[in-house]
Amino acid sequence: MGVGGTHLDGFPVLQRATQRKQPDTLPLPLIRPQLAKEKIEGCHICTYVMPGEPQVVLGKDKAFTFDYVFDMESQQETIYTHCTEKLIEGCFEGYNATIFAYGQTGSGKTFTMGTGFDINIGEEELGIIPRAINHLFRGIEERRQAAAEQGTPVPEFKINAQFLELYNEEVLDLFDSTRELEARRQKSGIKIHEDANGGIYTVGVTTRTVTSAAEMMQCLKLGALSRSTASTQMNVQSSRSHAIFTIHLCQVRVCSPDNHENATDNRLANNSEINEFETLTAKFHFVDLAGSERLKRTGATGDRAKEGISINCGLLALGNVISALGDRGKRSTHVPYRDSKLTRLLQDSLGGNSQTVMIACISPSDRDFMETLNTLKYANRARNIKNKVVVNQDRASQQISVLRTEIARLQMELMEYKAGKRMVGENGVEGINDLVHENSMLQTENNNLRMRVKAMQETIDAQRGRLTQLLSDQANQALAKAGGGDETISCTETTSMTFRAKLLESESVNESLRKSLSRASTRSSLFAGPGSFSAALLAPEKEANDIIEMAKKSLEKLKKMERKKKRR
């Protein structure tokens, strides 16, 4: 049986909802450098990338804005980092991904994807697929080493690969080496099916299990060399079919705590030395579309003309699907996925369960102005497509996750019963203990009392400072002016009376706070038991008493000084 989005070696895959935020199809324009032939023929550059802005300007006034734009100087590594790196990391978490290159013939799609093998190609010129393969196996090795260092079970990985081509609306298996070239004109036995969750899978396709990057690169090379190519007036080596290289990743790993609700359950699992495992699956489509072409410019005849017509029909159906999904006014209408086998194969990648990146390959030459304009409009419509990205997890793993959440909830309820927060009434109805509400109110009241005590302390500090300043001023005036003593004493008596009134008011408020704290302490002890009302709670009261005593002493000193002055 062919490997698809819902079945992988007997594992039934169940898709669970996720909070990962990557809902939209991401189109990224890529401008290839001018060819030597175009320079010789005197073609001018008609594209311009705004410095510091992800905006490409075509001609004089046609501007298109995207999330990122690759100009003619962009390197393959930069393109891979922005397009594919995060998608590969997402596959390890169970997310599907799709990346496809679209554009006119000769715009650099095959070179960008990396399915055109050349013996003279350098390491820095490797395309997206070879880099993704190396990244995938490097990530597998890193996760195995990390698990070994942490002393946890090493995750198990199984990787399968498929390579399909859509030639004249027939799905062909590029891994099938027994199929002869003449048999391409016959109908293939490959069937396209849809599962209950909306995932698309194929039956009758050769699936190869690989264990290393070198082995998968060999499979990629074998399929790429079997692909249909031919020469036209616009492209010496033109792809005459749409190619889809698919990687299926299945991993079995130890469940990792991803939220606080499962922390208690995980501690119990660790104490009992029982590891819970989950099975995650993901598929990654690498789509190298054949370029749109005009028969008038390609000069194609016979089979080449028939291939071009078939290519354009598939791309037209793809454009209709993108328009139906991206146009806000047409989202409620029918999406024509079944108009072409290309759109049927990519059904879950367009508006389905997949993170999708579209690389719009364009030519900078002015003779390709109309084709470049259509490609940019094509990509601009794809920005509005909304995908529904979920994690692909098997039923057993999801059931374990549900049970772990339920256990954590029950343990929390049990702790509340033990603490007295929950209780069962005489009629058997559960409820929250009234003491919990009362304790909450007491805690709020205690916080308010602390704030008032702190405010009183600040007031007393200010009064003490003013008393000290008054005493200092009085002494200075007594030394400077012996004759004006009566007036100074009268002023001092008035100020002393004012401070005495404020001090009495402070003592009254402090006494009221002391009673409130005592009452709160008594009521809280009924719920929490003796010793639970910390002495630190009464610390502000003690500090306020000390300050008041100091104020009293200062006032007594002031009275004595007044008496001495009167005697004089």
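Cβ coordinates are placed from backbone N, Cα and C, and glycine is handled just like the others.
All TrEMBL annotations are machine predictions without curation.
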Matching range for TrEMBL feature annotation, coiled coil, among 9-36, 317-344, 541-568: 541-568
Site with most surrounding Cβ atoms, counting all protein chains shown within 10 Å, from the binding-site residues Gly108, Lys109: Lys109
Proximal but sequence-remote residues of the same chain as Thr110 (ATP binding site) (Cβ under 8 Å, at least 6 apart): Ala101, Gly116, Ser239, Asp288
Protein Cβ atoms within 10 Å of Gly106 (ATP binding site), excluding its own: 25
Neighbour tally for Gly103 (ATP binding site), based on other Cβ positions within 10 Å of its Cβ: 27
Nonlocal neighbours by CB distance (under 8 Å) for Ser107 (ATP binding site), same chain, sequence gap 6 or more: Arg32, Gly291, Cys361, Ile362, Ser363, Asp368, Thr375
Cβ atoms near Thr105 (ATP binding site) (within 10 Å, other residues, all chains): 24
